[in-house]
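This report concerns only the one structure given below.
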Amino acid sequence: MAHPTQLGLQDAASPVMEELLHFHDHALMIVFLISTLVLYIMVAMVSTKLTNKFILDSQEIEIIWTILPAVVLILIALPSLRILYLMDEINDPHITIKAMGHQWYWSYEYTDYEDLGFDSYMIPTQDLTPGQFRLLEADHRMVVPLDSPVRVLVSAEDVLHSWAVPALGVKMDAVPGRLNQTAFITSRPGVFYGQCSEICGANHSFMPIVVEVVPLEHFENWSSFMLQDA
């Protein structure tokens, strides 16, 4: 959960998000080193009164400043491509959930069950209880089991939406007439919040996503209760 004045990203709740955090720190360090080097060269060129004739015309330094940026780009591209392929891997999911975007709420269908589906609306500010978050709480949460591969099929019924949960490292566009898929594995129990990340109309900011991660036994009890209630 993000908090005011937070500088970094949210704490990871999935292995993919942990990889993304590591890559963020890796790329940020490279940018910091490049910025420091460029700043030092600029200050040195402006402040020094000495001139080195070998810098004015030097094949060696031209080779260095051509090869060095290429090496830096490779150091950034290789881990980036690795994570990109990791995010697309969907191996034997234990459960499949279909998330449909509407104006302006989400509906979830647990396709492994016959009649398990519900709509998820934002809880109005006046109905919030102490400890709940404004604009982030939903009346029905998407409950998933801990340490289980979860596949999410994402689509929309009317306009473009985007199903995004930062702590899980998941963001997938919901396109009408098209079925996209993404997957995640949760590494710790908890409640994780997200929001629609595609401008979808007047109430775009009022369709939150709430994912609750519970142990498998609790998930089975919850699904049994929901099926009986249906």
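Please read every residue number as a count from 1 along the shown chain.
In case you wondered, yes, glycine gets a Cβ from its N, Cα and C as well.
Bear in mind that the values here come from a model prediction, so they are computed numbers and not experimental data.
As annotated by TrEMBL, domain 'Cytochrome oxidase subunit II transmembrane region profile' applies to 1-91.
Marked as transmembrane segment by TrEMBL: 27-51 (among others).
Feature annotation from TrEMBL assigns transmembrane segment to 63-85 (among others).
Each residue in the domain 'Cytochrome oxidase subunit II copper A binding' (92-225) gets a DSSP state, and the totals come to 19 helix, 62 strand, 53 coil. Positions annotated as domain 'Cytochrome oxidase subunit II copper A binding' by TrEMBL: 92-225.
Assigned with DSSP, the residues of the domain 'Cytochrome oxidase subunit II transmembrane region profile' (1-91) fall into helix, strand and coil as follows: 67 helix, 0 strand, 24 coil.
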